[in-house]
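Student: I have a structure here, written as structure tokens, and I will follow up with some questions on it.
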Amino acid sequence: MNNYYIPRLATIEGYKQLFMALEAKVVDIVKHIKKTANDDPRRVVHSFKVGLALTLVSLFYYFKPLYNNFGCSAMWAIMTVVVVFEYSVGATLGKGLNRALATFLAGALGVGAHYLANITRNNFGEPILLGIFVFLLAAASTFIRFFPTVKARYDYGMLIFILTFSMVTISGYRTHEILDLAQKRLSTIAIGASICVIISIVIYPVWAGEDLHKLVAQNIEKLGDFIQGFSDTYFKTLETDGYVHLDLILANYKSVMNSKNSEETLANFSRWEPGHGAFMYSHPWKQYLIIGSLTRQCASRIETINAYNKAQASLEIFGKLQEPFSRMSMECWKALKELSLAIKTTTKPSSAKQHILNSRTASKSLKLLLNSEILGGINMEQIIPLASVASIMIDVVDYVEKIYEAIDELASLANFENGSVSKCCHVVVDVERLSEVIVDDQSVGKGTLVIP
């Protein structure tokens, strides 16, 4: 009796464990679906838009009059919706135009190649001539796809061009209705692409230009937040145990460093979009790439500070440098906040200039302290880590100014409105007077590290 029930109980227990594992997997999938939808609700809307577009083009098969006019070529409308309908308006419009124009040009050239080869009236020479045409066009088009400009904007169109030309040219050898075939195929592709573009623009449009605009502004804001937290974290960790631990705050701004591909993709899609909202036709989208590049360069300079996270420094030294260092970081943070706000509100960044001047003043004060006799006689191994960090932060000030100039140029090119002057309190330090207090003619002595 026991030998009979033990395997049976083991089997029941195995089924229970399997059911619990399946239940946990289903719950995990549901949570993932909710998270994906909550992260960007536009994804749910986009899914419904694609379903609507496919339902509309399927009418070519459901209604007999439409099917009689287009026949099996109606399938190209469905294929067009599947491959053309993208998340943003720019991506959809770019793919739609690429596909329609490439199909038209390739179809016209394919028909021309067919009639040109047909002139030979030779069953042996016609396929050879058609093969030569296919070889030349395919080879030339494939090589052109390697051009950077073509690769960025017209790669999909070149691919469709090669496909359509080859299909029309080769199929024309076995059918005498090549012109009618090309006309039906072009018509269905144009209809499918038009439905995609119309639905994409009319129903809750997702503009790539707006996403690029927001992404660049958010990256500048993240950079400013990092600089603000960096100063406190750096000196706090030095004061606690003499070491710098930046791993946590570095992890919070990694998205800034990894945003290059997203910015370039959005900029490419933005060029296809018509004027909308604050972004009129010929909006300077390339300028956003310049701003994004400068933002990443500035972030990379800060990231190099992590190389000194094992370097121990004297508490006496960092106590003297903390005030100008913190003031320089604070002014950079304020400037980047103002610049981010200027992009978000499409206004000219007039008030950010004062914060940059204040950070310049603080950086000069920091240089004077490092070069003064106050630090004379200090062990060089103790001052080098802080001096290196200070030098990097001075470079950061230069990059913040470059970001300001790039955004100011964007504001001029895009005709941003004049923004209101910031009500923040600006503190300007007289560098010349400060130098008289902390240095004299014999200020730089032995053992003092001079930063140029």
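Cβ from N, Cα, C; glycine included.
So TrEMBL says this about it:
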- 70-90: transmembrane segment (TRANSMEM)
- 96-116: transmembrane segment (TRANSMEM)
- 128-148: transmembrane segment (TRANSMEM)
- 154-174: transmembrane segment (TRANSMEM)
- 186-207: transmembrane segment (TRANSMEM)
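Describe each of these features in terms of where it is and what it packs against.
Tutor: If one looks beyond the transmembrane segment (70-90) by at least 6 residues along the same chain, the residues whose Cβ comes under 8 Å of a Cβ in the stretch are 42-43, 46, 49-50, 53-54, 57-58, 60-61, 96, 99, 181, 184-185, 187-189, 191-193, 195-197, 199-201, 205-209, 211, 266, 268-273.
Same-chain neighbours of the transmembrane segment (96-116): 80, 83-84, 129-130, 133, 137, 154, 156-165, 167-169, 172-173, 178-179, 182, 185-186, 189-190, 193-194, 196-197, 272, counting only residues six or more beyond its ends whose CB sits under 8 Å from a CB of the stretch.
Listed as Cβ neighbours of the transmembrane segment (128-148) (distance under 8 Å, sequence separation of 6 or more from its ends, same chain) are residues 109, 113-114, 116-117, 120, 155, 158-159, 161-162, 165-166, 169-170, 172-173.
Taking Cβ pairs closer than 8 Å, the transmembrane segment (186-207) reaches residues 42, 45-46, 49, 52-53, 56-57, 60, 70, 73-81, 84-90, 92-93, 95-97, 99-100, 103-104, 107, 270, 273, 276-277, 279 in its own chain, all 6 or more past its ends.
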